[in-house]
Amino acid sequence: MPRLCSSRSGALLLVLLLQASMEVRGWCLESSQCQDLTTESNLLACIRACKPDLSAETPVFPGNGDEQPLTENPRKYVMGHFRWDRFGRRNGSSSFGAGGAAQKREEEVAVGEGPGPRGDGAETGPREDKRSYSMEHFRWGKPVGKKRRPVKVYPNGAEDESAQAFPLEFKRELTGERLEQARGPEAQAESAAARAELEYGLVAEAEAAEKKDSGPYKMEHFRWGSPPKDKRYGGFMTSEKSQTPLVTLFKNAIIKNAHKKGQ
C-alpha cells in the first residue's frame, strides 16, 4: 500500500513537471522507460529520460545563473517598435524593423571606432566636415546689406574709363549727344525744343509747388476736398434766392384754390 501511494505521488509529480514545461515531445512519454510507472525505480528512470527534454525547453542555470554568458548581444537590442527610436526609421512598421535599426546602429559604432589618428591632431568626422547650417531659406537668415551689382565689362577701354569717370546721369547725356550728332541738324533742333519745353514745365511745376506750400492745404486729390457750394450737404443748404421760384409756385397754387372755394 505505501508503495502504491508513493508511485501515485511520483506519477502526480511527473505529470506536474510535464505540465509546467512549455512543450513536451511525444517520444518522452512513449518511450519504454515511461510505460510502467508502478515502481519507484521506473518512475525515476522516466524522470531522468524526460529531464533533458525539459531543460532544453526551459533552460535554467543553477547557482550562478547571472554570471552565465548571454546568447544575444545586448548592443543589438534597439527599441525599433517605438517611434522615438533614434537609430531606427520613423516608421516602425518598415520592412527592416528593429533589425535594420540595430544594423544601422552597429554601422555607426563601427565608423566611430574605426582606425584613424585621434587626439589633438584627430581628423574631423563626417559631421564636422559639413558646413555650418545657415538659414538661407528664411528672409532673416543673413544680415541685410547692399546687394552686389554685377560689374559690367566693356570691350573698349575708352567706354570703361568713361563709365568710371562719369556718373550715370552724365553718361546718359553723353549717349544722347552722340545720338543727336549721328541723326543730323534737324534732330538736334527738335531735341533742343523738347528740352526747352521740359525745362519750362519743370519751372512751372516748381512755382506751383511753392504757391501750394505758402497757402492753406486743400485736399484737392480727394473728391470731397473742395466740393462746389450748390452740392454741399446734399444740396439742402442753398441760398434763399434759389428757392424763390418754388415759393412763388406754392403761393400761386394756394391763391387758385382759395378762388375756387370762394366761387
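Glycine is no exception: its Cβ is also placed from the backbone N, Cα and C atoms.
Taken from Swiss-Prot, the feature disulfide bond applies to C28-C50, C34-C46, supported by similarity to another entry. Residues or ranges marked as O-linked glycosylation site by Swiss-Prot on the basis of similarity to another entry: T71. Residues or ranges marked as phenylalanine amide by Swiss-Prot on the basis of similarity to another entry: F87. Sequence annotations record features per position, and here Swiss-Prot assigns N-acetylserine to S132. Residues annotated as valine amide in Swiss-Prot: V144. What Swiss-Prot records for S162 is phosphoserine. The pyrrolidone carboxylic acid (Glu) annotation in Swiss-Prot covers E173 and rests on similarity to another entry. Annotation comment: Swiss-Prot describes Y200 as sulfotyrosine, evidence class similarity to another entry. According to Swiss-Prot, the region 'Disordered' annotation covers 94-134, 217-238.
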Among C34, C46, C50, the one of these disulfide-bonded residues whose Cβ has the fewest neighbouring Cβ atoms within 10 Å: C34
Neighbourhood of Y200 (sulfotyrosine), C-beta criterion under 8 angstroms, separation at least six: none
C34 (disulfide bond) versus C50 (disulfide bond) - Cα distance in angstrom: 9
